[in-house]
Amino acid sequence: MRSAVLSYAGCGEYNQNQYHFLEACFLCQKPLGHNSDIFMYRGNTPFCSQECRQEQIEIDEAKERSWKISSKKALRQATESTQKTSSSPSNKAVRTGTVVVA
């Protein structure tokens, strides 16, 4: 991890040698200029350009899709194993559906 010396007026030694999250682009690590635009994502993640920000959004969306697919597969497998291990006669109604947890 990089370290940076910050010298904000009136802050004294408190901020010296601490990394500041707005110092570099989260994706490409390009230094962020003091008078240039900073593109934020998910609250406190800085990017140097719309392109870097969009690339991170696409990476996150791909991870979320992958997670949802694996969650659905695990749920399906759990449901199938529960149905297979049930030794009682099947005179009960079974509901199937999607469970979403946030």
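Cβ from N, Cα, C; glycine included.
A TrEMBL annotation is a machine prediction, not a hand-curated record.
Annotated compositional bias 'Polar residues' per TrEMBL: 78-93, in sequence order. Annotated domain 'FLZ-type' per TrEMBL: 20-64, in sequence order. Among the features that TrEMBL reports, region 'Disordered' is placed at 70-102. Positions annotated as zinc finger by TrEMBL: 20-64.
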Item to check | Across the domain 'FLZ-type' (20-64), average pLDDT on the 0 to 100 scale | outcome: 93
Checklist outcome for this item: Grouping DSSP H, G, I as helix and E, B as strand, the residues of the zinc finger (20-64) number 15 helix, 8 strand, 22 coil
